[in-house]
Amino acid sequence: MPVNLVAENAFGTLGTICWCIQLVPQAWKSWREKSTHGLSPFLVLIWASCALPLGVYNITLNTNIPLIVQPQLFGTLGAFCWVQCLHYEKHLSPRNAALTFFAFLLVVGGLQVAFVFALRHGLAEGNDRPLQFFGVMTVILIFGGLLPQFYEIWKLKEVLGISMAFMVIDGLGGVFSTLSLAFKPSIDPLLAFSYISVIVLDGLVIVLQLVLNPIAAKARARRAAEAAPEITGSATPPDERDEKPPEPGLAAPHLHPPQPQSTQCRDIGHGIPSEILSVLPPRSMEEQEREAVEEERTPQAANTLTTAV
């Protein structure tokens, strides 16, 4: 492509803006859901640490203000997302999470100041290898930061916890930054590899989300459908659970009415409350026959005694 300074600056500015705010949707998603399950804490930690070499590299080269501010915002948001992982998943208290956040920023900021003075001293003596080292470290951390997220996706078999808006904005930042390189007099292969790798890896996460998440949702629905009959079959209705069939050879109590009590039993029970009589067992057939014979003999004996008198 022809050299175009205006296009280079325009695309470079757009890429810088995207990489300043790309972690805002992720921080919002984690705060709204009060969970970072599925988001690799190593991703945001490595990217937050990337602010150190990238900030040192840009400050030492005395680049424009947006390129100096961008690593600082990027590192701050990355550290915030990291302590969110510690708070929501590792149950770190809010106080300790805040202390960890500010301690991280102080350490990174202090190291940036120290390395900038050291690198400028080396450049004054004609040694630029330390500066190249920080440039290479930036590329390695940006590329390597996404790898733990792929392990998390492989472990869960779906994409959870990570904001798709974050991935889209990050990928757009790579696209705009790559286009800015295309309008430069010469293309830096190290920067080109860094930008293109971001585009590819972010796009892969989005594709995996579109492919794996519907499959995982169908699998959950199938497992729920299989478990539903088992739960329904194991639940016995109260009527069926309370009513038990009579044992073989025994009649159910409510199928045969109780036998009436004998006359003697009624006579004997004279004056006894009806509640007690109602629970007395019925007489057997032999007892009833014996009582009938005794009742017949009683009048005969009385007549004989009267005649004798």
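Heads up, the Cβ atoms here are built off N, Cα and C, so glycines get one too.
Annotations in TrEMBL come from automatic prediction, not curation.
Over in TrEMBL, the protein carries these features:
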type	residues	note
COMPBIAS	284-298	compositional bias 'Basic and acidic residues'
COMPBIAS	300-309	compositional bias 'Polar residues'
REGION	226-309	region 'Disordered'
TRANSMEM	39-59	transmembrane segment
TRANSMEM	97-119	transmembrane segment
TRANSMEM	131-147	transmembrane segment
TRANSMEM	159-183	transmembrane segment
TRANSMEM	189-212	transmembrane segment
Determine whether the transmembrane segment (39-59) and the transmembrane segment (189-212) share at least three Cβ pairs under 8 Å, counting only pairs 6 or more apart in sequence.
no
Taking the transmembrane segment (131-147) as reference, which of 97-119, 159-183, 189-212 has the most Cβ pairs under 8 angstroms?
189-212
With the cut-off at Cβ under 8 Å and a gap of six or more residues from its ends, the chain residues touching the transmembrane segment (189-212) are 15, 135-136, 138-139, 142-143, 146, 149-150, 153, 157-159, 162, 164, 167-168, 170-171, 173-175, 177-178, 181
